[in-house]
Structures are given as C-alpha cells and as structure tokens.
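Per TrEMBL, the features are:
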type	residues	note
DOMAIN	45-293	domain 'G-protein coupled receptors family 1 profile'
TRANSMEM	30-53	transmembrane segment
TRANSMEM	65-87	transmembrane segment
TRANSMEM	107-125	transmembrane segment
TRANSMEM	145-163	transmembrane segment
TRANSMEM	208-231	transmembrane segment
TRANSMEM	243-265	transmembrane segment
TRANSMEM	277-295	transmembrane segment
Amino acid sequence: MGETTNTSLDTVVTDFILLGLPHPPSLRTLLFLVFFIIYVLTQLGNLLILLTVWADPKLQARPMYILLAVLSFLDMWLSSVIVPRVFLNFTPASKAIPFGGCVAQLYFFHFLGSTQCFLYTLMAYDRYLAICQPLRYPVLMNGRLCTGLVAGAWVAGSIHGSIQATLTFRLPYCGPNQVDYFFCDIPAVLRLACADTIINELVTFVDIGVVAASCFMLILLSYANIVHAILKIRTADGRHRAFSTCGSHLTVVTVYYVPCIFIYLRAGSKSPLDGAVAVFYTVVTPFLNPLIYTLRNQEVKSALRRIRAGRGAASENK
C-alpha cells in the first residue's frame with residue numbers, strides 16, 4: 001500500500017484505493033453478476049458488429065459502416081478500461097490500483113472517450129454528405145479520406161488524453177489516497193492533490209468543454225442541414241428512409257453527450273449523482289450501442305441475415 005499515514009509533502013502516494021460504487025453488502029453478489037454480464041454482452045455485441053462489417057462486402061464499401069466498426073472497437077476498449085475494475089469492487093479483491101495504473105486508466109479513458117467524440121462528429125458529417133450531397137458522396141467520402149479522418153480522430157484523442165493525464169498527475173499527491181469513485185477520473189483524483197487545483201479545474205473545463213462543444217455544434221449543424229434536405233424529399237417513404245439512417249446515430253450521440261456534460265462541465269461539483277451518471281456513459285452506453293445499431297438499422301440486420309443464409313447454404317453443401 002502507498003504511504004498515506006499523514007499529509008506531509010515528504011510522503012508520496014504510490015497507489016490509490018478506489019472506493020467504488022456505494023452499495024449494500026447484501027447486494028454485492030447481485031451487482032457483481034449484473035456488471036459482469038453487462039461487460040460480457042458489451043464485448044460480444046460490439047464484436048458482432050465488427051465481424052458483420054468485416055464479413056459483408058456491402059457494408060465494407062460504405063464509409064458509414066467503417067466508422068461504425070471503429071466505434072465498436074472503441075466501445076470494447078473503453079469498457080475494458082473501466083468495467084473490470086467496477087465488478088472487482090464487489091469481490092474481496094484488493095481495491096488498490098498502482099499510481100502508474102491510475103495514470104494509465106485516466107489517460108486511456110480520456111483518449112478513447114475523446115476519440116469517440118470526434119468519431120461521432122465524423123459520422124454526422126458522413127450522413128450530411130450522403131443525404132445533402134448524394135451525387136458527390138462517393139468522391140467526397142471515399143475510403144482513403146475516411147481512413148485519414150479516422151486516423152486524425154485517433155491522434156487528436158491521444159493528444160487530448162495526454163494533456164489531461166499530464167496536467168492531473170504533475171501535481172503532488174501526499175495522502176490520503178482513497179479515490180471516492182469507481183475509477184481514476186479527473187474530478188475524483190484532483191480532490192486528493194496536495195496543491196491548488198484551480199488551474200487544473202479551469203483547464204479541464206475549457207479543454208473538455210471546447211472539444212465537446214465544438215463537436216456537438218458540428219453535429220447539430222450537420223443535422224440541421226440534413227433535416228432541411230429531408231423535408232424537401234417529396235415521398236413519405238423517402239423521408240422515412242432518410243430519417244432512419246440518422247436515427248441510430250442521433251440516439252447514441254444523445255446518450256453520450258448528456259452524461260458527459262453533466263459530469264465535466266460543472267467545475268468543482270461533488271454531486272452524489274455523478275457516480276450514477278458516470279456508470280451510464282462508461283458501462284451502459286458501450287452496451288447499448290450495438291443494440292441500437294442492430295435493432296434500428298435495417299442494413300445491419302440485412303447483413304446479418306445474409307451472413308446467416310450464407311452459412312446455412314455452406315452447411316447444406318457439405
């Protein structure tokens with residue numbers, strides 16, 4: 001365990017204790033099973049999306065589904081960074097996380113989370129081009145450009161995560177070492193710093209605020225143009241098809257942004273709701289995304305039927 005018996009600046013924290021989610025002891029086993037099952041289903045659901053896009057040539061040819069596959073990959077990793085620590089909280093296992101592990105968890109959470117933010121923006125831009133510029137879409141959003149945009153999102157996300165991790169852990173931590181949260185995130189860790197955190201809180205608010213607000217405004221601008229274009233479609237069936245291609249994306253954007261705004265854009269907040277809201281976007285959202293895209297997206301469901309039919313035909317030919 002880290003040396004945390006006093007708050008002297010000569011004492012250096014070598015690990016943190018994640019207090020986890022408050023819960024009645026009688027529900028420990030049930031909560032462990034719930035989070036464990038959610039984690040397994042999250043991995044399987046997102047893996048299904050990845051394999052479906054990889055196995056179906058029609059989906060591979062559409063940038064929209066390349067972006068969806070990248071989103072599934074991000075969800076799998078984001079869930080793996082957070083959720084195993086959550087369900088271990090309901091076991092007798094040690095709640096300690098090494099200092100370096102805390103740094104890594106915070107970095108990867110913000111790296112993957114901000115990359116998702118950029119990816120949602122790219123998905124909105126893709127839908128804007130497909131609906132508002134249908135004749136030029138194959139030229140404006142080709143495979144090479146799509147790959148470049150995704151790579152740019154990863155690089156930008158990595159830079160964002162590095163900034164947040166560096167700013168947070170450049171401060172001295174001399175005790176106590178109990179993080180009143182279920183993972184190492186900026187607001188909870190900063191409360192343990194043995195220094196003034198005003199600058200950190202301000203930079204975090206501005207940095208995350210600029211990233212989230214700019215992406216969100218670009219998404220709103222894309223969809224304002226999309227709605228304007230859809231309303232010009234004369235047939236009800238055409239309007240319905242156009243709206244259905246955007247419905248899944250709008251749903252996941254909503255369940256992503258609302259909790260993030262609640263957590264990060266309220267500087268210095270210590271609301272008891274923070275933990276519950278954070279569980280939603282770190283645990284539940286990666287679980288819901290594959291359900292939203294398979295249940296609401298006709299092309300994904302058609303691809304799954306084609307793959308199933310192809311396997312059935314192959315089995316009959318044996």
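Glycine is treated like the rest: Cβ placed from N, Cα and C.
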Same-chain residue ranges lying at least 6 outside the transmembrane segment (30-53) that approach it to Cβ under 8 Å: 21, 23, 59-60, 65-66, 68-69, 72-73, 75-76, 79-80, 83-84, 86-87, 90-91, 283-284, 286-287, 289-291, 293-294, 300, 303-304, 307
Reported mean pLDDT - the domain 'G-protein coupled receptors family 1 profile' (45-293): 84
